[in-house]
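Annotated features, as they stand in Swiss-Prot:
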{"type": "ACT_SITE", "residues": "ASP44", "note": "active site, proton acceptor"}
{"type": "BINDING", "residues": "ASP44, GLY45, ARG49, ASN116, GLU117, ASP146, ALA154, THR157, ALA158, TYR159, ASN160, LEU161, SER162", "note": "NAD(+) binding site"}
Amino acid sequence: MTEQRMALVASPTTAAQEAATELRAIYEWHPIERADLVVALGGDGFMLRTLHAMLDRHRILPVFGMNLGTVGFLMNDWKPDLLELRLQQARAITVLPLRMDVETVEGQRHSVPAINEVSLLRETRETAKIEVLVDGRVVLPELVCDGVLVSTPAGSTAYNLSAQGPILPLESSLLALTPISPFRPRRWRGAILPNKNAISFRVLDAIKRPVSAVADQREVRDVSLIRVGIDKTSPLTLLFDPEHALDDRITMEQFAV
């Protein structure tokens, strides 16, 4: 197998920087511009920033993460030894990001990628009133809530989970549609949709009840219309150790207390 050129990126935390120093003393590293893959040291948040940086540069490489953060759901165990062999044996999982297209009440338009989720949030003490459409069909004429989000499998253990949304297997072709503190309809607790569906939101009474739209950490305020769908033009690749029990972690996360 041809030797792959590795680039190293690390979170600014002390643990990640110390690990990076250790790896630099053992292996040969290359700038991202000349690399074939990226080794990322940190937690899930740093992995998210690494993937967004590649989307911004329009140069997308496979990423092998090692956990030096807290949860590390998208990361492998930290081990400095035999890294090149681990990379050769790694299992690749494709993650499709979301694309959020929004229009504001003033007519401005924005298009923003999201890897974890797109969330709509009320901006004031007034509850949001939102019409929900799937593939152009109105499925909820009026959702009264603090907000609502669309999550990818990669993001389903993050904000989605804290909003009582379902955990989705990382390799599934599904999206979670999860309300945030819903008031009406009282019995609606969300939906699981095929990722081929296009999801749209119309903000009702957007002047009195302003809503912001957030794609991961990128916010657009005072929105009126939001369209969310999978972006198949920018697939991301995460690399995992063959023994990485991802399915087991997904299962056990649902019973965490």
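Yeah, the Cβs are placed from backbone N, Cα and C, and that goes for glycine too.
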Neighbouring C-beta atoms (10 Å sphere around the C-beta of ALA154 (NAD(+) binding site)): 24
GLU117 (NAD(+) binding site): secondary structure state under DSSP, collapsed to three categories: strand
Among ASN160, SER162 [binding-site residues], residue with fewest other Cβ within 10 Å: SER162
Neighbourhood of ALA158 (NAD(+) binding site) by C-beta distance under 8 A, where only residues 6 or more apart in the same chain count: ASP44, ASN116, GLU117, SER151
DSSP three-state assignment for ASN160 (NAD(+) binding site): helix
CB contacts for ARG49 (NAD(+) binding site) [other CB atoms within 10 A, all chains]: 16
Most crowded position, judged by CB atoms within 10 A, among ASP44, GLU117 as recorded positions: GLU117
